[in-house]
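Novice: Swiss-Prot lists these features:
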- 1-51: region 'Disordered' (REGION)
- 1: N-acetylmethionine (MOD_RES)
- 9: phosphothreonine (MOD_RES)
- 10-22: compositional bias 'Polar residues' (COMPBIAS)
- 20: phosphothreonine (MOD_RES)
- 24-51: compositional bias 'Basic and acidic residues' (COMPBIAS)
- 29: phosphoserine (MOD_RES)
- 147: phosphoserine (MOD_RES)
- 194: phosphotyrosine (MOD_RES)
- 361: phosphoserine (MOD_RES)
- 363: phosphoserine (MOD_RES)
- 409-442: repeat 'PC 1' (REPEAT)
- 443-479: repeat 'PC 2' (REPEAT)
- 480-514: repeat 'PC 3' (REPEAT)
- 517-551: repeat 'PC 4' (REPEAT)
- 551: N6-acetyllysine (MOD_RES)
- 560-589: repeat 'PC 5' (REPEAT)
- 623-645: region 'Disordered' (REGION)
- 623-643: compositional bias 'Basic and acidic residues' (COMPBIAS)
- 692-723: repeat 'PC 6' (REPEAT)
- 742-757: repeat 'PC 7' (REPEAT)
């Protein structure tokens, strides 16, 4: 085809110049050609067509005559001709084509007719004809004055055309002109059921969205169409502004409830973040099996409902929602996959593959920094497996290979290994609580918090163990216990925990770091709840701090706590932004931007992204400042306080673009392109933040283009860009065991063998890549990427915002912040149970998810599938469906824990 096209073009361009030297000739030749064309056209008409054309012309003439008795039969005949013309999909039906030249004449005839049935008939015919004319909505105009007979008789194309005109007309009428909207509504009430019955559900939805009457859908939907309609509505949510998006979700939710599809309705209620509605859906369902399935969904999303004890199977439901069985189910999967054998960091580094000239990297093996890296790697790789080779056998030996804060993080990594195992885990950590070293004790406290992350326990062991240390004399002890509480109760909005923590911020003994961590912990506990006490306490703390204190790098956690408290709440932050106006620069811009981006997290709000791009394009005169900064840093390397940086909020803006756009794919693609520009042309502050933004937009989804970009910048001249790029590579591939990434990181480890900081980052990235031996994910989205877990986003943000000052926080003494990732860790598995919650292995097909929105029929939802037996792992962008007819899933999205029922129609 292409070649043909290529051959044609030169011929066309030569034609006029070869045949017609002057412009005048060209015109005349054009005219001749047209005349010839018309003659051909007449010859082209076959006998039948000629007969039809004459017949139609005769009918039109008959309507122009004086004899009114002939009108009726003439109109009847015209109507019959138009209707009976079987139309092909690509061309205009013949009668309409031949009647087109008579359109004006027919309108005149209509105007001159006496009112009555004939006039209405004529209006109907003109309305259908108007489809072929690009007129001023005449199709609709004549329909409204026509005979009002049913639409279906004129065919689908006519209905579609009419719907388009109704939508345009509606938008031009104001609310004042209600009377004129009535006839349009009547028409809509005819169009919608017609579309529903003829597989054009999405057209019905579009029309109702245009005229803002989505609620009308509910009564026209039948059992066969509801799934498609709701899929279409929920897919549109990303592309409509507030408050229409919630209206669409509520409409789809109403439809699901009408057909008693409780799990689907619950998912939408969670998208709306409306807890009363969630509770209402949960309690109004009377089927215990479905309730258990919903409890699994709530547990995965980190929502716990206080049920009344007289609910049937109260204990089971509470246990499922509390994620009590998460650990045992995860270990069952590990046994199934045969990966229980603990791994040591060297299995991950694969040092034997490095072709070092000096035979292994022997010289610097036992440095404290490398041991710290190994503690993290060991924790990440064996996360939730409950056993390892460094800490669970004889931990003291390993702990004392670390120094000071290194001991804190090393002890805390034990919590990660025992993740979710509250009963068994705490007994193993207990012995370290009696250590003589404050750092080890503090790490053990943090470990207690980590073990409880995402799991609720009646006895509240985390609160009981950690509460005594929150106001301890030693700030080190405070850090472990406060951050531990933040992780253990993230997303619970528990008042008793918050009342315990809030006073610490204002306590005179609290260092800036402790105040920051407290704000962070409170933000995580109250995530997305707009808790008034948290807001006022953090604001008060910010107001009370002096300008010098706010320049401390840990001050960044105060506004982050505020932002997390309002995560995804949109406009609810106006008052806070106003309150922050009194704070001095540069902290004010930093805090404002941070709170603002948190409020719109995952919303895909394009206008916000535009504002953030404006912030990124501001230019500060930073030449002198950069020089000062270098001198100052040489002078006081040990001093934590980095000089005030006017562009600090730009880094947050870059992260914010990723945070807002990560919710939907088109936005994420566009953000990706923007990041490319920023990396090439941005200021240093921007460039340091871009790798982190790339990590956030593609967590646990190792796309090659992103990995290549990060790999390029992992050799950047600015050390902070390279630190962040290397860590981002780990985030992008977290829990995937991606072989290509693992090879890249091994090469980097060789390249940076002499640079302890970069090597530390490479080790962290290697640990993350093999997170949970490849069974866990950090991606905050689940349920087919529809639901965003706020707790997971809070954990990721905590880490990424800290990485904006990687040198003083992560490579300084506060690497324990990396345990914020625990809040985002989730197994990426699919486990199936029978109605009694016994594991039920069935065969499932796992393949790449295909978007089937608005497609006719029942298209395949996955492609390139393989058949496995559950439990199975699901990678990013994969979807599973049952490969057997024997069972029916209680929820349509097979992810996490799914209950199956016997199919009553299955014949053995």
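Cβ from N, Cα, C; glycine included.
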Novice: I'm trying to understand the geometry here, so how far is the Cα atom of residue 194 (phosphotyrosine) from the Cα atom of residue 147 (phosphoserine), in Å to the nearest whole number?
Specialist: 18
Novice: Whole-number Å only: compute the distance from the Cα of the residue listed as 'N6-acetyllysine' to the Cα of residue 147 (phosphoserine).
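Specialist: Rounded to the nearest whole number, the Cα-Cα distance is 76 Å.
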Novice: Let's check the environment of residue 194 (phosphotyrosine): how many other CB atoms sit within 10 Å of its CB?
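Specialist: For residue 194 (phosphotyrosine), the 10 Å Cβ neighbour count is 18.
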Novice: Given a Cβ distance threshold of under 8 angstroms, which distant residues of the chain, six or more beyond its ends, lie next to the repeat 'PC 1' (409-442)?
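Specialist: Same-chain contacts beyond the ends: 323-324, 326-327, 330, 371-372, 375-376, 378-380, 382-388, 391-392, 395, 398-399, 402, 448-455, 457, 461, 465, 469, 474, 476-477, 479-481, 815-816, 818-819, 822, 825.
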Novice: So what sits near residue 147 (phosphoserine) in its own chain, CB-to-CB under 8 Å and at least six residues off in sequence?
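Specialist: Listed in sequence order, they are 117, 120, 121, 123, 124.
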Novice: For the repeat 'PC 6' (692-723), what are the DSSP-based totals of helix, strand and coil residues?
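Specialist: Computed counts for the repeat 'PC 6' (692-723) are 21 helix, 0 strand, 11 coil.
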Novice: For a quick check of packing: other C-beta atoms within 10 Å of the C-beta of the residue listed as 'N6-acetyllysine', how many?
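Specialist: Around the residue listed as 'N6-acetyllysine', other Cβ atoms within 10 Å: 18.
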Novice: For a three-state summary based on DSSP, what are the helix, strand and coil counts in the repeat 'PC 2' (443-479)?
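Specialist: The composition, in the requested order, is 23 helix, 0 strand, 14 coil.
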Novice: So, by DSSP, how many helix, strand and coil residues make up the repeat 'PC 1' (409-442)?
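Specialist: Result for the repeat 'PC 1' (409-442), in helix, strand, coil order: 27 helix, 0 strand, 7 coil.
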Novice: I'd like the per-state residue tally for the repeat 'PC 5' (560-589) from DSSP, helix first, then strand, then coil.
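Specialist: Helix (H, G, I), strand (E, B), coil: 22 helix, 0 strand, 8 coil.
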